[in-house]
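> Relevant sequence annotations retrieved from TrEMBL are reproduced here:
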ACT_SITE  E46  active site, proton donor
BINDING   H44, C72, C81  Zn(2+) binding site
BINDING   A151, T193, D197, S225, G290, P291, V292, L293, A294, A295, S296  NADP(+) binding site
BINDING   S165, W167, R181, L201, R204, E288  substrate binding site
DOMAIN    1-120  domain 'CMP/dCMP-type deaminase'
Amino acid sequence: MSLALQLAEKGRFTTHPNPRVGCVLVKDDQVIGQGWHHQAGQPHAEINALADAKAQGNATEGATAYVTLEPCSHHGRTGPCCQALAKAKVVRVVAAMQDPNPQVAGKGLGYLQNQGIITTSGVQQAAARALNVGFLSRMEKGRPWIRLKLAMSLDGRTAMDNGQSKWITSAAARADVQRMRAEADAILTATGTLLADDPKLDVRDEGAFQLPELHRQPLRVIVDSKLQTPHQARIFESNGQVLIASAIKGEHPQAEVVQLPQQNSQRVDLIRLMDLLGQREINQIHVEAGPVLAASLLKAGLVDELVVYMAAKLMGNTARGLFDLPELQQMADAIDLQIQDIRAIGKDWRITATVL
Ligand code: AOF
Ligand code: ZN
């Protein structure tokens, strides 16, 4: 299963909107075939592993299949993997987890059992879930998994009072951010950030980060309540689509505009936006925005993971903080986080945390 998880990992940047899945076929204690899912529309991991065994001249009869996700039972873009495994006469299927996709959910394993195949589920489940946080969030909650990326000085500042913020972190941290953008299906920002920094918010080779093969530009989503995104903004320069979420009705020459006003306010309803993105098969969102959108997402319970790069700089008391949360007055109001990981990235530190 560890090998199957490593194979699944190879699809990290390319399987969208499908999950990342790996499969290993074992017979007489030997690996006889390996495969992973590369891209939606292409064969699933199991089919690739069976083809690999065949290409090597290995008979699959009597083999055990280790799969990081329950084999599918539906006719989607491709045929059902559970049937292919049964046809290949495997005798045992070990899955890391059930597929939460309602089209499959238990039916794949059920089919295999009916064919007399021994099944096990739940082996290395935590690792398998971690690999597909986005797909699981969309299937289980109907909305994408959201990661908020921030950069700050040692004294917790994210921009000078005049708005300057280039650059707080080093080139190594910026290359790390490219990798995170690349694994997301969509990048979310706000007009304030476009007006202040005019970022491209695309995925590109940067430093040690090289664009993965088969990669496509993520959808860029702009929260733009008053429809102020400039027609010439650099976000429109790269390939890939841009979606503007606005509180007012209107059009934009460079992007699709959806009107999603919050009740009794001039702002965009972020929960409805996430539901819409879930319907559009967006699994994972990467947010790069300023303190206003960061705070709104946090308050709406829409931050699944916070990634903060901390640079060894002091920016002083007139510089701006990470979250615009003026309503926090008492220590009792403080928002508690749980740190999941801290590591050095070049000269900077990267802190990964979740909201408690
Ligand atoms: C598997 N093995 O490698 C993957 C699975 O549209 P399709 O035909 O590609 O089906 C996509 C669905 O199949 C996806 O939503 C998920 O439930 C499952 N993905 N299943 O047996 C795989 N990628
Ligand atoms: Zn399948």
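Placement of Cβ uses the backbone N, Cα and C atoms for every residue, glycine included.
A TrEMBL annotation is a machine prediction, not a hand-curated record.
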> Please compare the recorded positions E46, D197, E288 by how many other CB atoms fall within 10 Å of each one's CB, and tell me which has the fewest.
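Sparsest of the recorded positions E46, D197, E288 by Cβ contacts within 10 Å: D197.
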> Excluding H44, C72, C81, which residues of the same chain place their Cβ within 8 Å of the centroid of the Cβ atoms of the recorded Zn(2+) site?
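Neighbours found: V21, A45, E46, I47, P71, T78, G79, P80, C82, A84, G108.
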> Please report how many Å separate the Cα atom of V292 (NADP(+) binding site) from that of S165 (substrate binding site), as a whole number.
16
> Out of C72, C81, S165, L201, point to the one nearest G290 (NADP(+) binding site) in space (Cα versus Cα); all of them are binding-site residues in the record.
S165
> Would you find the one among the binding-site residues H44, R181, R204 whose Cβ has the most company, meaning other Cβ atoms within 10 Å?
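That would be H44, with the highest Cβ count within 10 Å.
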> What binding-site residues among C72, R181, G290 have a C-beta sitting less than 6 Å from any atom of ligand 1?
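Listed by sequence, the hits are C72.
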> Taking the binding-site residues H44, C72, C81, W167, G290, which residues show a Cβ-atom distance to ligand 2 below 6 Å?
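Once distances to ligand 2 are taken from each Cβ, H44, C72, C81 fall under 6 Å.
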> Summarise the domain 'CMP/dCMP-type deaminase' (1-120) by DSSP state, stating how many residues are helix, strand and coil.
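Taking each residue of the domain 'CMP/dCMP-type deaminase' (1-120) in turn, the totals are 34 helix, 24 strand, 62 coil.
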> Cα-Cα separation of S296 (NADP(+) binding site) and E288 (substrate binding site), in Å?
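It is 13 Å, counting Cα to Cα.
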> By Cβ count within 10 Å, point out the most packed of the binding-site residues listed: A151, L201, V292.
L201
> Taking DSSP three-state, what's A151 (NADP(+) binding site) in: helix, strand or coil?
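DSSP assigns A151 (NADP(+) binding site) to strand.
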> Considering only the recorded positions E46, S165, A294, which fall within 10 Å of C81 (Zn(2+) binding site) when distances are taken between Cα atoms?
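The recorded positions close to C81 (Zn(2+) binding site) (Cα within 10 Å), listed in sequence order, are E46.
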> For the C-alpha pair, I'd like the distance in angstrom between C72 (Zn(2+) binding site) and R181 (substrate binding site), rounded off.
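Rounded to a whole number, the Cα-Cα distance is 29 Å.
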> Could you check which of the binding-site residues H44, A151, D197, A294 is the closest Cα neighbour of R181 (substrate binding site)?
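So, spelling it out, the nearest of the binding-site residues is A151.
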> Within the chain of W167 (substrate binding site), which residues six or more apart in sequence place their C-beta under 8 angstroms from its C-beta?
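Within the chain, W167 (substrate binding site) has Cβ neighbours under 8 Å at R174.
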